[in-house]
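Okay, so here's the structure we're looking at.
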Amino acid sequence: MTIALGRIPKEEKDLFDTVDDWLRRDRFVFVGWSGLLLFPCAYFALGGWFTGTTFVTSWYTHGLASSYLEGCNFLTAAVSTPANSLAHSLLLLWGPEAQGDFTRWCQLGGLWTFVALHGAFALIGFMLRQFELARSIQLRPYNAISFSGPIAVFVSVFLIYPLGQSGWFFAPSFGVAAIFRFILFFQGFHNWTLNPFHMMGVAGVLGAALLCAIHGATVENTLFEDGDGANTFRAFNPTQAEETYSMVTANRFWSQIFGVAFSNKRWLHFFMLFVPVTGLWMSAIGVVGLALNLRAYDFVSQEIRAAEDPEFETFYTKNILLNEGIRAWMAAQDQPHENLIFPEEVLPRGNAL
């Protein structure tokens, strides 16, 4: 019997399949569909920040020097927020404010909106990158879910908070000293340290640092020995196939130290994921509250008693007075466009704050 085989027709790839193959090809640095968002946005955000901190002044928006060109250093340079009069304008280069003039756009604070928006999309692109890569190699998506914590903080602080206030002016500028100034502003105008969401955020971040230190030390302490080297890195083979440390020994140690210990690796590592991510999300929720000018804890009874009795004072009432000093001093310096003038008797005296 003769069987005649015709040619098997090749399936023609359309443009989408061709692009998909190229984007998801196995290479040293994975690109993926998420890379179409991540790489351009990260490039523009970082490029805008380096350009702003090197060349662009904040004289027209804040009355400050903020670039290396003006004599700032790495800690004091910043890409500062637009002027308060520009409210929530996107400050597009071709918009009615700059009208295509790049120099004017920089003077008005256009680089800040450029860096903030591209930075936000770059972070989202990085999270999508983790989703995409995890899906392609059949991992669970907890890395991407965890990264939602930093994204929530960035979006709430740099975008949602100023949207709730009068303009981008009240967002943090992109610089080290500028962020410190913003923290002082948050304390003076919102009493942020006494906000329960801030407390949960601090507990989450510092608790995560403690968990990392404990976990790393415990694993190092309970490694199975498979060599006679004099130190950790020579005595243990990094390619060993079997389990690398003793969970049973670790459990026994911490049971004796605390009376309780994790007996299950999955629960232990989920807890290490849960603590910092929840802390960051709580902080983000708190900042959204501040955008709406929600107040922190107020212990009014202590304030009234302190006002009536000169001998009564608590750490809380002292902090309230400090906040008043921050507001009185900062408002006039920070918002020169408001022409705020405070009577001498209400201002803090000299350096003896």
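Note that the numbers count up from 1, one per residue, in the order the chain is shown.
Glycine is no exception: its Cβ is also placed from the backbone N, Cα and C atoms.
DSSP assigns His118 (chlorophyll a ChlzD2 binding site) to a helix. The chlorophyll a ChlzD2 binding site annotation in Swiss-Prot covers His118.
Taking a C-beta cut-off of under 8 angstroms and a sequence separation of 6 or more, Phe262 (plastoquinone binding site) has the following same-chain neighbours: Asn251, Trp254, Leu268, Phe271. Annotation source Swiss-Prot lists plastoquinone binding site at His215, Phe262.
Per Swiss-Prot, Fe cation binding site is recorded for His215, His269, and the stated evidence type is sequence analysis. For His215 (plastoquinone binding site), the count of additional Cβ atoms within 10 Å of its Cβ stands at 16 [all protein chains shown].
The annotation N-acetylthreonine is assigned in Swiss-Prot to Thr2 on the grounds of similarity to another entry.
Look at Swiss-Prot and you will find Thr2 tagged as phosphothreonine, backed by similarity to another entry.
Residues or ranges marked as transmembrane segment by Swiss-Prot: 41-61 (among others).
As annotated by Swiss-Prot, transmembrane segment applies to 125-141 (among others).
Annotation comment: Swiss-Prot describes 153-166 (among others) as transmembrane segment, evidence class sequence analysis.
Per Swiss-Prot, transmembrane segment is recorded for 208-228 (among others), and the stated evidence type is sequence analysis.
Listed by sequence, the residues of this chain that lie at least six past the ends of the transmembrane segment (279-295) yet keep a Cβ under 8 A from its Cβ atoms are 148-150, 152-153, 155-157, 160-165, 186, 190-192, 195-198, 200-205, 207-208. The annotation transmembrane segment is assigned in Swiss-Prot to 279-295 (among others) on the grounds of sequence analysis.
Between His118 (chlorophyll a ChlzD2 binding site) and His215 (plastoquinone binding site), the C-alpha separation comes to 36 Å. Counting every protein chain shown, 21 other Cβ atoms lie within 10 Å of the Cβ of His118 (chlorophyll a ChlzD2 binding site). According to DSSP, Phe262 (plastoquinone binding site) is assigned to coil rather than to any helix or strand. Each residue contributes its Cα atom, and for His269 (Fe cation binding site) and His215 (plastoquinone binding site) these two points are 9 Å apart. When Cβ-Cβ distances below 8 Å are used as the criterion, the transmembrane segment (125-141) is approached by residues 24, 30, 32-35, 37-39, 41-42, 147-148, 151 of the same chain, each at least six residues removed from its ends.
Taking the Cβ of His269 (Fe cation binding site) as centre and 10 Å as the limit, one finds 14 other Cβ atoms among all the protein chains shown.
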